[in-house]
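Report on the structure given below.
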Amino acid sequence: MHEIGVLFEIIKTVENFAKQNDVKKVETLVLQIGELSSMIPRYMKNLYPATIEGTILQGSELEIEILPANALCKECNKVFNLVSNNGICPKCETKDWELLGGKEFYIKEIVCY
């Protein structure tokens with residue numbers, strides 16, 4: 001479960017941002033996680049309260065947006081979701097595709113005052 005280590009790094013990043021921008025309190029942290037990333041959103045949500053204790057994020061909410069694992073078919077140029085189509089183009093049924101997204105991991109937004 002490497003999610004806890006990632007959460008601690010995110011907290012460091014947010015705390016550095018807070019210091020540089022004279023932030024007093026973080027209300028909400030919004031993350032974007034790709035469908036194919038190695039992060040499990042449920043684990044991150046469950047671990048979040050323990051990892052933010054005693055930090056500027058204490059009491060804040062964690063929101064997670066899932067970014068789709070989209071691919072471009074090299075045969076017919078259709079853009080499709082890899083996960084829901086089991087890695088097969090729904091138009092021409094080939095497995096020859098280029099990954100467009102789904103491995104990302106971003107801090108999208110920090111709602112603070």
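Backbone N, Cα and C atoms are what each Cβ position is placed from, and that goes for glycine too.
Annotations in TrEMBL come from automatic prediction, not curation.
Database features (TrEMBL):
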- His2: Ni(2+) binding site (BINDING)
- Cys73, Cys76, Cys89, Cys92: Zn(2+) binding site (BINDING)
Among all protein chains shown, how many Cβ atoms are found within 10 Å of the Cβ of the residue listed as 'Ni(2+) binding site', not counting that one?
10
Counting only residues 6+ apart in the same chain, whose Cβ is under 8 Å from the Cβ of Cys89 (Zn(2+) binding site)?
Ala71, Cys73, Glu75, Cys76, Lys78, Phe80, Lys95, Asp96, Trp97
State the three-class DSSP label for Cys73 (Zn(2+) binding site), counting H, G and I as helix, E and B as strand, and everything else as coil.
strand
If one measures from the C-alpha of Cys92 (Zn(2+) binding site) to the C-alpha of the residue listed as 'Ni(2+) binding site', what distance in angstrom results, rounded to a whole number?
38
List the residues in the vicinity of the Zn(2+) site, defined as same-chain residues other than Cys73, Cys76, Cys89, Cys92 with C-beta within 8 angstroms of the site's C-beta centre.
Lys74, Glu75, Asn77, Lys78, Phe80, Pro90, Lys91, Glu93, Thr94, Asp96, Trp97
Pick the one among the binding-site residues Cys73, Cys92 whose Cβ has the fewest other Cβ atoms within 10 Å in this structure.
Cys92
Within 10 Å of the Cβ of Cys76 (Zn(2+) binding site), how many other Cβ atoms can be counted across all chains shown?
14
